[in-house]
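Features reported for this protein in TrEMBL:
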type: BINDING; residues: 82, 107, 134, 135, 136, 137, 138, 139, 140, 141, 142, 203; note: 5-phospho-alpha-D-ribose 1-diphosphate binding site
type: BINDING; residues: 197, 202, 203, 204; note: uracil binding site
type: DOMAIN; residues: 10-211; note: domain 'Phosphoribosyltransferase'
Ligand SMILES: O=P(O)(O)OC[C@H]1O[C@H](OP(=O)(O)OP(=O)(O)O)[C@H](O)[C@@H]1O
Ligand SMILES: O=c1cc[nH]c(=O)[nH]1
Ligand SMILES: [Mg+2]
């Protein structure tokens, strides 16, 4: 039995290669953002593999054939602000017509508890697949609160994608939301006393937006 049944780590060589540069503290802000987007694209490819498709008839220059398309409007990207914004362009590269539902919350510096400051619910939530994105799953508090909010507003199908996860956060999240699959590029060792992920990549929001 897997310790974390809801967690999938992508061991794709390109994801692991790019993550090495993302972790490196000497990587510039520009390159950091580019790589976060690129890994976002690659993880989105994995996370969308079970999306339902619909048959359509297409006229090629030579014949009519049956093809399969995704209802992209039914896919809702949910970036957890701020740092989740860093992965939005990467996912849009793959699914340009998906909806985007911003969810703003930050982790209180002293208590590490999430504080929600922005959320605009989507219409017809039960029809859609919600894809939460945030580079970091640390204590799990932010991701749990976000999934709570989406479910309270009617979401039935949610997935969560992050770059780096801590075992503490995965455990808490899968306990709170055993129905939600987590896709990550890495499962790290542990949290430090400040609830930062070790070895991690530092503060994702600060590195993306240059706020330190
Ligand atoms: O699992 P947790 O312990 O909740 O920590 C993870 C959260 O912390 C970071 O956001 P932060 O609160 O720094 O906000 P920011 O994205 O605005 O920088 C990160 O982007 C996650 O949202
Ligand atoms: O390691 C961590 C933990 C929370 N938020 C971050 O940006 N990094
Ligand atoms: Mg931050």
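Numbers here mean position along the shown chain, with the first residue as 1.
Backbone N, Cα and C atoms are what each Cβ position is placed from, and that goes for glycine too.
Where the annotation comes from TrEMBL, it is an automatic prediction and has not been curated.
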Check: Which has the fewest other Cβ atoms within 10 Å: 134, 203, the binding-site residues listed?
Finding: 203
Notebook entry, point to check: What Cα-Cα separation, expressed in whole Å, is found between residue 204 (uracil binding site) and residue 134 (5-phospho-alpha-D-ribose 1-diphosphate binding site)?
Noted result: 9
Margin query: List, in residue order, those binding-site residues out of 82, 134, 138, 197, 202 with a Cβ under 6 Å from any atom belonging to ligand 1.
Written below: 82, 134, 138
Notebook entry, point to check: From 82, 136, 197, 203, which binding-site residues have a C-beta atom under 6 Å away from some atom of ligand 2?
Noted result: 136, 197, 203
Checklist line | Per-residue Cβ crowding (10 Å cut-off), top of binding-site residues 140, 202 | finding: 140
Notebook entry, point to check: Taking Cα atoms as reference points, which of the binding-site residues 134, 136, 138, 142 is nearest to residue 197 (uracil binding site)?
Noted result: 138
Notebook entry, point to check: Considering only the binding-site residues 136, 140, 203, which possess a Cβ situated under 6 angstroms from at least one atom of ligand 3?
Noted result: 203
Notebook entry, point to check: If you draw a 10 Å sphere around the Cβ of residue 142 (5-phospho-alpha-D-ribose 1-diphosphate binding site), how many other Cβ atoms fall inside it, taking every protein chain shown into account?
Noted result: 27
